[in-house]
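First comes the structure, then the notes that go with it.
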Amino acid sequence: MDSLSSMGFQTASFFLILLFLFYHLPCVPSQQERSRLCKPFQCGDITVGFPFWGENRQSDCGHFSLKLNCNKPSNTTSLTISGHNYSVLHIDNKSNILSLSRQDFSGPFCSASFSSTPLRSDLFQNLQPYRNLTVFYMCDPRRHFFGNFTCPVKGLGSVVQNSTYRKLCDKSFSVTVPTSYVPEEEALNLTHLESVLRKGLEVKLKISEMSGQECVTTDGNSGFTRFCCTNVSGPEISCLTSITTMNNGTYSDNRPFLVTIGTVLGSILCVCVVLFLAFYLNERRIAKAARIQHLEALGTLRGYNYKQIKKITKSFTEVVGRGGFGTVYRGRLRDGRKVAVKVLKDSKGNCEDFINEVASMSQTSHVNIVTLLGFCYEGSKRAIIYEFLENGSLDQSLNLDVSTLYGIALGVARGLEYLHYGCKTRIVHFDIKPQNVLLDENLRPKVADFGLAKLCEKQESILSLLDTRGTIGYIAPELFSRMYGSVSHKSDVYSYGMLVLEMIGARNKERVQNADPNNSSAYFPDWIYKDLENFDNTRLLGDGLTREEEKNAKKMILVGLWCIQFRPSDRPSMNKVVEMMEGSLDSLDPPPKPLLHMPMQNNNAESSQLSVESSIYSEV
C-alpha cells in the first residue's frame, strides 16, 4: 500500500506541475507585436491590409492565395495566380476591386508565354462583360488568315473570336478582354489587342455580404480585423467587417480569445492523457503486486531462474508432451530426481493460467494429486517443475484389466474429492480427462494439469466463468449453456463420469464395433444404458471376468451414468462418488436415463482453451 500511495502522490505532483505550466504559458503576443507582424502592405501607390499579405506583412495576416510582391526599384506590385504573374495596377479598399494585367503581356506580344490564364473563380468575380479571344499560332503559311501576325519563333498566327482555324494551326490559347474593347469585325488588329491586354481587367474579391462597418481595436483606433475568415462553408473569403482604410497600422484582433480557447482545450486533453497514463500504470502496478503477493504466498516452494531450467532439461532436448499452454520436457534435478518441466508459451494472456496452476498445485498434498516441486517466473519465461511419472498418462493404458482400471477410477475420485473438500480453498479442475491422469510405477493415478483450474471458497456453490473451458467430450453441459444449470464443482463430476465410462468402453471397443458395425459411432453412454436395461453386459464387459471384476465393472458403469446426468443437481458430489465406488454394488440404485442425444464429438478435439495433446505424457 505504501508503494501505491507513493505513486498516487507522484501522479498528483506531476498533475499540479502541469497545471502550473499551462497557467503561466503566454497565450498571445503583445499589441505592439501584433501591430509589427501585421502592419499594412505598402508598395508605390498601393497600401492594403487583409486579405492580402507579403513582404513585411506576415503570411497569417491574410489569405494564403493573395500574396503581394513589391518589385523594386519600380515600386510596382505583382500577384501570382495559378502560376502566372499579374501586375496589380490598383486596389480599391472600400469596394474590394482590383485592376490586374498579365505581366507577360506588358511587352511585345510575341514575347508572351502564349498560354491561357483563367482567373480563379473562387477568389474573383468579373465586374463587366468579358469575351474570350482565341489566338492561333504555328499555322499553315500557305493559307491566308484574318487578323494574322508573325512571330520569329511562333510562326504565322491569327487572332479571332471563334475557332475557325483550329484545324489549320498547331497551337492555340485564349485571352480574356472586356467586351467593350472588342470591335465588331471577326478579326482583331494585333496592335489594338496589345493595348487592351496592357490595360488589364477589373475584378472584385469574393467577400461575403456582411459589411458596412469598421472594426475597432481595444485602444479605439480604426483598422482591420486579422481573423476575417470565419464560418467558411466553401473556398470563398468570408469577413465579418469591410476592408477599410487602415490607421496607425493597428487592427482589432480576436486572436486572444481563439488562442485562449485552444490553450484550454489543449490543457484538458493533456490532463486527460496524463490521468489515463497514471491510471494504466497504476493498474499494471497493482496487478504486478498482486501476482508477486500470490507467488510469495507459495511459502517454501522453490523458485528457479530460466538458466537453471535450461540446465535441468539439458537445453530442452527431450520432449515428453505438448499441449495448448506449453511443452513438457524430461529433466533431472541436482539430487538426481527425475522431473517433468512444463514450459509455458510466451504469451501475455497465460499469466493468469500460470498463477492458477502454481497456486492450485502448491496448496495440494495428496497421494492422488501430482506433486509440484518448483516454478520459474522470470519476465515472460514461465515454467512448472513437478514429479516425473514413468507410466505416462491414462489414455495410453486404457486396455488394462478391470481390477486395475477400477483402482485407477477410485484413486481419481479420491483425488477430486480432496480438491473439492480437502483443501483450504476449493479447487475446481475443469479439465478431467485420460490425458490429465498420470500413472506412477505402481499404476497409482495422480490428477494433473491445473491450467484451467479455478479456486473458490467452499461456501461458493456457483462459479462465474467468462469462457468455456475443458475438452470437448468431457465438458459438462452447463459450461456450454446455462440452461442446464449453474457452473460449479459438479462440472468436475460430469467429466469424471465420462472418464470412467470411457475406461470401461475403450477396453472392449473392438468387440462393440463388431457387434453393431452400423452404430459403432453412436454416443457410447447410449448403448451402455441400453445394455444395462436389458441386463446384457456381454459386448461391454466380454467374457472371462471373475465375479469380483464383474461387480467392479458394473459399479463403474452405474457411477459413471450417475455422474453424467445433464442437470448438475442430479449428479452426486465427489465425496458421494467415493462412497458409491467403495460401497457394494447392491447399494447402488439404477440411475435415471441421461439425455442421450449428445452430438458425435471427437474426444481428442479441444475447445479454444486447449489444443490437442500429442504425447504419451500429458502436460500438468
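The backbone N, Cα and C atoms fix where each Cβ goes, and this holds for glycine too.
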Given the candidates N85, N391, specify the residue that Swiss-Prot annotates with N-linked glycosylation site.
N85
Say a student had to find the N-linked glycosylation site annotation in Swiss-Prot: which of N231, N519 would be the correct pick?
N231
Per Swiss-Prot, which of 26-60, 586-620 is region 'Disordered'?
586-620
Spatial neighbours, same chain, of N85 (N-linked glycosylation site) - Cβ under 8 Å, 6+ residues apart
S78, L79, R102, Q103, D104
Among all the protein chains here, how many other CB atoms are within 10 A of the CB of V320 (ATP binding site)?
19
Between N148 (N-linked glycosylation site) and V320 (ATP binding site), how far is it from one CA atom to the other, in Å?
99
Cβ density check for V328 (ATP binding site), other Cβ within 10 Å (all protein chains) comes to 27
Integer Cα-Cα distance in angstrom, R322 (ATP binding site) to N93 (N-linked glycosylation site)
85
Integer Å value for the Cα distance linking G326 (ATP binding site) with N132 (N-linked glycosylation site) is 81
Counting Cβ atoms within 10 Å of each candidate's own Cβ, which of the glycosylation sites N75, N93, N132 comes out highest?
N93
